[in-house]
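Feature list (source: TrEMBL):
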- 33-59: transmembrane segment (TRANSMEM)
- 49-298: domain 'G-protein coupled receptors family 1 profile' (DOMAIN)
- 66-89: transmembrane segment (TRANSMEM)
- 109-128: transmembrane segment (TRANSMEM)
- 149-172: transmembrane segment (TRANSMEM)
- 207-234: transmembrane segment (TRANSMEM)
- 246-269: transmembrane segment (TRANSMEM)
- 281-300: transmembrane segment (TRANSMEM)
């Protein structure tokens, strides 16, 4: 039985030619100039920092496995912010909200989920790298070769792309309400699901399956790696050696907690608990502030990253002198 106010989906062109209205921060009109300036500065700093790290790692002839993973993480964060933040900045400029086409909304959702999922899988690969480095140090060079790291990176991207595509198709096949007003600054999954003209829990099943594959599975792999690392650290008698081994995991642990904390709050919950205002604030932190914190964590705490950045700046100065 079709629901009242649902869009007619008999015509295949109806969905493709339909536009959504992203309400953005229309309730914060008195703060939009300040928010625009803050988000723009954060966005530019994040882009510049990730581009610098990406270029520095690419130009480095000898790249340890962790640097390769950090290079991919920088690339993901670079694309991640470009997918969401420009539309968020536009929503602060346009008071009435900004429009986005049906295909544009689907593409934005797919890229956002795929990049976020790729980051989850990449964090699992990085935890495996830490496990091998601490628990099997003699086999580290053989196991974590450059070819192995590249295969892991490719597998992370392809797996996340496939899961995100299936989720996006499932969401946009639902009958959506005619209002077409998304109370968000981008096409996030919970915000679009809120437009579904159904009272059942069936539309949430694809999101639940995606959460299991993109969040729970990598988290269990990370947890297993750190359980093995903790057991190995208990067998290290030297407090200096234990502290040195643990310090190599701090950056990764901090990024993992930030990423999973926000993602779990937004996606692992029933549709009935959806709150647009709260979700927008959390998503704002998740898509703007968190990438900048990632950048600060793994650039300031990682000696290898600091080293290649110094070498890149040194080469730049020499080139300018010459």
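Counting begins at 1 with the first residue displayed.
Positions of Cβ are set from backbone N, Cα and C atoms, glycine also.
Between the transmembrane segment (66-89) and the transmembrane segment (246-269), the number of CB pairs under 8 angstroms, six or more residues apart, is fewer than three, so the stretches are not in contact. Ranking 109-128, 149-172, 281-300 by CB pairs under 8 A with the transmembrane segment (33-59) puts 281-300 at the top.
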